[in-house]
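**Q** First, the structure itself, so that you have it in front of you.
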Amino acid sequence: MDPRKVNELRAFVKMCKQDPSVLHTEEMRFLREWVESMGGKVPPATQKAKSEENTKEEKPDSKKVEEDLKADEPSSEESDLEIDKEGVIEPDTDAPQEMGDENAEITEEMMDQANDKKVAAIEALNDGELQKAIDLFTDAIKLNPRLAILYAKRASVFVKLQKPNAAIRDCDRAIEINPDSAQPYKWRGKAHRLLGHWEEAAHDLALACKLDYDEDASAMLKEVQPKAQKIAEHRRKYERKREEREIKERIERVKKAREEHERAQREEEARRQSGAQYGSFPGGFPGGMPGNLPGGMPGMGGGMPGMAGMPGLNEILSDPEVLAAMQDPEVMVAFQDVAQNPANMSKYQSNPKVMNLISKLSAKFGGQA
């Protein structure tokens, strides 16, 4: 199984333990049912969650949710991590040192000369002449640029000169040439320690000791390893927090999508009901309506094909009182009743709303008859 999915599941379970109300959301119903079907018991929702179920659910403020999520996340993973930085120095910014031409053709004479330069460089190093040692190792590298130990030796001098970035460049080159040599890892680990790169330092020093145990490298590994472990634990902590935050965000997105869908359904249902309310009138007005309304009005509202071409129809429908009456269920029920049987109009003689609409229609159509 994908380890990331396992971590996400672990983070979700932890979140559920901290806040069981998460399991009582509608989208988590399937999980509750499964747990109960297996004989398990879902913890009761918090009082807050129960009260929300008994009242109208308030829509979440997305901005507030985002602010809460951001508040949970520090500005950086190490913002609240305290590490002793004794011995850490500012990085060196010198131009890259000479590395020699790795494609150069090397003769035996050049190799002998390079070896002589190396011996002289080691003597200068033992005498404390560090810059002279650097220059001599550089001469040796230019003569034999494919010898890993020359880069490792020069890196050791750069570390003594407190130029960790230069040392790292030399060690990288040495490892490219011979990845099984312990010396480049040892000096690169020491360089990373000078820069406060605790995890990188621990990795390189551990590998150096694995390839060829060295007491000096082992002693420094014991110093940096606790700091590297502390950083790793801190990172895992915030990875779990990020995973929990991602789960919360996904739940929030599902919740918002469901609310949008439900709102769209409600709006569609309202439109359907509105269309049915103002739909076609059954049977038209057979035989004509009293008050000189022309007979045979085969439809109104959403299905008014018989009235579509009537002169003055737009004028009638633009009359606010007519529109208001057509939105009154009581008036429309009476209107349909009279449409089916004009004799029933007598029942509504005392209803001013119904008679007002009939009078307006009668006056309009009567005037154009």
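Including glycine, each Cβ sits where the backbone N, Cα and C put it.
In case it's useful when we look at the structure, here is the feature table from Swiss-Prot:
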- 49-73: compositional bias 'Basic and acidic residues' (COMPBIAS)
- 256-272: compositional bias 'Basic and acidic residues' (COMPBIAS)
- 281-302: compositional bias 'Gly residues' (COMPBIAS)
- 319-358: domain 'STI1' (DOMAIN)
- Ser346: phosphoserine (MOD_RES)
- Lys353: N6-acetyllysine (MOD_RES)
- Lys360: N6-acetyllysine (MOD_RES)
- 38-97: region 'Disordered' (REGION)
- 256-302: region 'Disordered' (REGION)
- 114-147: repeat 'TPR 1' (REPEAT)
- 149-181: repeat 'TPR 2' (REPEAT)
- 183-215: repeat 'TPR 3' (REPEAT)
**Q** On average, what pLDDT score does this prediction assign to the repeat 'TPR 1' (114-147)?
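**A** In the predicted model, the repeat 'TPR 1' (114-147) has a mean pLDDT of 97.
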**Q** Just to be sure I understand, if DSSP states are collapsed into helix, strand and coil, how many residues of the compositional bias 'Basic and acidic residues' (256-272) fall in each?
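**A** Result for the compositional bias 'Basic and acidic residues' (256-272), in helix, strand, coil order: 17 helix, 0 strand, 0 coil.
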**Q** Could you state the CA-to-CA distance between Lys360 (N6-acetyllysine) and Lys353 (N6-acetyllysine) to the nearest Å?
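**A** Given the Cα positions, Lys360 (N6-acetyllysine) is 11 Å from Lys353 (N6-acetyllysine).
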**Q** Round to a whole number and give the Cα-to-Cα distance in Å for the pair the residue listed as 'phosphoserine' and Lys353 (N6-acetyllysine).
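**A** Checking the Cα atoms of the residue listed as 'phosphoserine' and Lys353 (N6-acetyllysine) gives a distance of 14 Å.
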**Q** Let's check the environment of Lys360 (N6-acetyllysine): how many other CB atoms sit within 10 Å of its CB?
**A** 15
